[in-house]
Each structure stands twice: as C-alpha cells, then as structure tokens.
Amino acid sequence: ENISDFSLNVTDCTQVVVPEEVFFTVAAAGILENLLVLVAVIRNKNLHLPMYFFICSLAISDMLGSLYKTLENIFIILCKMGYLTRRGDFEKKLDDAMDSMFILSLLGSIFSLLAIAADRYITIFYALRYHNIMTLRRALVILAIIWTFCAGSSIAIALFSYEAATVIPFTILFPLMMFFILCLYVHMFLLARSHAKKIASLPTSTVHQRTNMKGAITLTIFLGVFLCCWAPFVLHILLARFCPHNPYCACYMSIFHVNGTLIMCNAIIDPMIFAFRSPELRSTFKKMFCCAR
C-alpha cells in the first residue's frame, strides 16, 4: 500500500486496474481445468505413471497460484468494505499466509517443471532402462522431497520477506532454474537430432524425427509461456524491494494487476500444453463427460 501511494507521487503512469470479474473468471477457469486433470489421473489407472504424477504436481502448483490471487482479491474487497484493516495483527498473519501460498506455487511450478524435464530426458536417452530408473515409488519420493522443500522455503521466505538476504536468493533461483531447465532441453534436442541422423537409414527414422521435433516444440512453448506469465511478477518483486522510489520502477509497478492476471492465465494454458495434448487423457475426459451425461 505504501509503495502504491508513493508511486502516484513519483510517476505519471496511471494505475492499471483489472476488473474483479476478470480476476474471478480467470482464476475459476484455471482451478477447474487443473482439477479436471487431477481427477482424470486419479480415475484412470493407466495414467498412474511417473510422467502423469509430475504433471499432477504442476497442476497443483497452478491451482495454488490461482487460489492465491483469488484470496488476495477477496482480501482487498473486504478491506475496501471496511470488514478488515490493512495493518491489523490478523490481517498481517493472513497476508503472510497468502504470500507463502504464492511462493509455494512458484517454487512448486519450477521444481515440477524440472522433474518433468528430467523424466523426459530419461525417457528419450534411457528408454530401455526407464522403468528401472524412474519407478512409481521413486517418483513419489521425489515429489515428497520437492513439496517438503517448497513448503519449508515458502514459510521461511514469507516470514523474512522484508530482508534483502531472503529476497535476493529467491529471485536469483528463478532465472537459475529456468536456465538449467533450458540447457537440459537444448541438450535433449541436440542429442535426439544426433541419434536421428545415425539411424536415418532405418524405416522408423522419420517417426523418431517427428516425435523428437514435436516434443521439442511442446517443451519450448511451455517454457516460453511459463516465463511470460511468471517473469513480470518476479520482476515486480525485485523492483518493489530495491527501487520503489524510482519513477521508472514505480511506472512498471502500476501494472501489478496485469502481472497477477498473467499468473492465473498460466494455470489455464498449462493443461492445454501438457495434459490436453495426451491422447490417453483426452480419452479419459471423454469417458468422464459421457458418464456425467
């Protein structure tokens, strides 16, 4: 609130406000889409595989992001109506809980994306040993470690969010993890293309090349969408912490609501990229809707 009030005095940029109806509509769509993915995986035993469990982890992260923005918007509405104050003890604890949920969503998305990248890497280059390397039990252990680490980190960062020593590692983690995942995907693509050239004389070479190219395109789109949706909000956190009095930083922070809407849009797009492109999942959705009818 203090940063917003000061920004009006140091910049001529008009605060961009997204209608509350848009917030709730986008958030509800993201929650329902990802909930549909979770239900489909739970109901279809054929989908009880490490890859789909990692996708479910990503779906949970997206749901938390949409839920965070929904609760934050409700909190703002209640403050405007006078039911809550902005500086009360209860409101401070509520704000810390919502910040923790946001950080949990971001960290969960990053590490779920990393798990999916590792799973794809093993699938491509260790296909014959995949089921021995990535067992269902091992996948569940990986997810348990990921979410335990993310939960502990989100609580710690939310409690000490006003310390620069906490904000800096959190914001550095985002580009580092994205760079590592991008390098992994590039390495996967280069090796896949090299293998495709070596087996060009085989009848199935065309199929392998198309599969590798399709997978590379899908992963590239997903990374691009993730960066476009989350990077503006992470940049907002950096600017709000380190240069709130700068007119240019204040001008960028005037689109805070737009950056928040992008996070919720990511929850809508993710299922379309990964989950809805799976024939097995699409078949499960059809069966679910047919039974409902």
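If you go along the chain as it appears here, the first residue is 1 and each next one adds 1.
Heads up, the Cβ atoms here are built off N, Cα and C, so glycines get one too.
Look at TrEMBL and you will find 22-42, 49-68, 102-128, 140-162, 168-192, 213-235, 255-276 tagged as transmembrane segment. The feature domain 'G-protein coupled receptors family 1 profile' is assigned by TrEMBL to 33-274.
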Exercise. Do the transmembrane segment (255-276) and the transmembrane segment (49-68) share at least 3 Cβ pairs under 8 Å, sequence separation 6 or more?
Worked result: yes
Exercise. Across the domain 'G-protein coupled receptors family 1 profile' (33-274), what does the pLDDT come to on average, as a whole number?
Worked result: 78
